[in-house]
Amino acid sequence: MRFIISLLFVFTLIFNLAFSHIGIDVSSGTNESGFECFKQKKYSRAIIRCYESIGSIDTNCKPSIENAKKAGIETIDVYLFPCYDCGNPENQVTTTSHYLKDYLKDLDFLWLDIEGPGQYWSGSYDNNKKFIQGLLDSAKTAGFKHVGIYTSESQWPGIVGSWDGGKDYPIWYANYDGAENFNDFSPFNGWTKPHMKQYAGNINECGLGIDKNYWE
């Protein structure tokens, strides 16, 4: 029996290693050599900022996508950091999709970056919910393969209260514990299982500032 249990433990460990991955996200322009360095370090996903919280396209986005493709990064996502004070959430999504129209086939996810209660959002849960719903509704028909939400238990409730309107979308959450696993995740606002975790932030690697991410 002990032998069987040991075999099961080893099999589970190998399975988890085989089907877990690490990636990076960047908020600045990244050249081809940078992505080649990340690929050599076994990072297989790049998440690139394409819309800034000031309410405009990040023009580093398309060159960074091109460089990630040339370097052979397997999975490329983009993220949109919305500008609440700018209004018109639908336009922010369509502006992003139009900017990326020639790259939509190359992208896996559009992530909506929802963070910063009291800093990037109003003091009204209802107004914030309406804005986020506008982002989600527009994103569903904008041509992206998948749409997800970047947020955390320390951020989302402070923006929308107990609202669970994002629960049907994959969640990418942040907890800088340095652990490449989901053992720390606690369900909140309807989310019961994470898609991806940002486990380390503000790291300098390959000469660039990055955050590190884990997914299975």
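Glycine too: its Cβ is placed from the backbone N, Cα and C atoms.
Under the heading signal peptide, Swiss-Prot lists 1-20, citing sequence analysis as support.
Annotation comment: Swiss-Prot describes 21-216 as domain 'Ch-type lysozyme', evidence class sequence analysis.
Within 10 Å of the Cβ of Asp25 (active site) there are 23 other Cβ atoms, across all protein chains. Taken from Swiss-Prot, the feature active site applies to Asp25 (among others).
The feature N-linked glycosylation site is assigned by Swiss-Prot to Asn31, with sequence analysis given as support. Asn31 (N-linked glycosylation site) falls within neither a helix nor a strand when secondary structure is assigned with DSSP, and so counts as coil.
Here Asp113 (active site) comes close to Tyr79, Leu80, Phe81, Pro82, Tyr150, Thr151: these same-chain residues lie at least six apart in sequence, with C-beta atoms under 8 angstroms from its C-beta. The feature active site is assigned by Swiss-Prot to Asp113 (among others), with sequence analysis given as support.
Packing around Glu115 (active site) is summarised by its Cβ count: 18 other Cβ atoms lie within 10 angstroms of its Cβ, all protein chains included. Residues or ranges marked as active site by Swiss-Prot on the basis of sequence analysis: Glu115 (among others).
If you take the C-beta of Asn31 (N-linked glycosylation site) and look for same-chain residues 6 or more apart in sequence within under 8 angstroms, you find Asn67. The DSSP secondary structure for Glu115 (active site) is coil.
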